[in-house]
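Each remark here refers to the structure printed beneath this line.
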Amino acid sequence: MFRYYRSLPPVCKTYGVACLMTTSAFYLGLFEYYSISLDYGLVLKHFQVWRLITNFFFLGPFSFPFAFLLIIIAKYGVALERGPFDKRTADFVWMLIFGALSLLVMAAVPFLSSPFFGGSVVFMMVYVWGREFPNARISIYGVVTLKGFYLPWAMLALDLIFGNPLMPDMLGIAAGHLHYFLTVLHPLSGGKFILKTPLWVHKLVAFWGEGTQINSPVQRDPSTSVAFRGRSYRLNGSRTSRSNSTPATNQAGADSSAQQPADRGDGSVAFRGKSYRLNGR
């Protein structure tokens, strides 16, 4: 079990553990659920700004739905972080932050408000996974087999059958589609890439010292974790390698030193991921 925990990618592992600890603290009576719920009235009038963050880490009390959401993080969230977002930790963190900000904006509409949006963030992961792996074969309870593209809608139908509220799931789908449209569909159709991962997110991941980012504009801090020993890109566009390599002088016309990175034009480096290449390779 401990080996499996150590093998999990950092973002999903951190978020899953944070949700588990929040529910454990609630089970032990350390706080009441309404003290961390999203309430814009208390945020604006009493400056209880922590509610803008804490509501995303509560998936409900210990129950089957709570366990099901943790399983989704461990399965589909991890598949995203290891697949399309492999070596793109900052981009994955930015996807979750953008989804959370989108949900907060939606919550400002009265009939869309909800005290907790942790389930919506999890459902956002499911939607993005379905778009990234549309042809994956999924079996639901060993009864129905369908493609990954239809998984969010199948889970939405299950919530309808079980009598669970549908609004959090639908808001998660909306946030996930908005991110996927702005980062994949719109640029691939010739539009401008307008949702580049901010510099402060790259700095946050570099300071955190976990994960890797192949297109990071932030130079690695030697004092951080060894996870950042891969290639990194400085703010001036130059590339640093793992160690200083020496050119081979005994071969005519040969040079073993690292080559300069290719020209990226208008910032298409953000599409180095599996499903984000503009040239289709």
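Note that Cβ sites are derived from N, Cα and C of the backbone, with glycine treated the same way.
If you look up TrEMBL, you'll see 12-36 (among others) marked as transmembrane segment.
Taken from TrEMBL, the feature transmembrane segment covers 56-80 (among others). Beyond its flanks by at least six residues, the transmembrane segment (56-80) meets 8-9, 11-12, 15-16, 18-20, 22-23, 26-27, 33, 36-37, 92, 100, 116-119, 121-122, 125-126, 128-129, 132-133, 164 of its own chain at Cβ-Cβ distances under 8 Å.
Among the features that TrEMBL reports, transmembrane segment is placed at 92-118 (among others).
Sequence-distant contacts of the transmembrane segment (138-162) (same chain, at least 6 residues past either end, Cβ-Cβ under 8 Å): 123, 126-127, 129-131, 169-170, 173, 176. The feature transmembrane segment is assigned by TrEMBL to 138-162 (among others).
Here TrEMBL flags 235-260 as compositional bias 'Polar residues'.
Per TrEMBL, the feature region 'Disordered' maps to 235-281.
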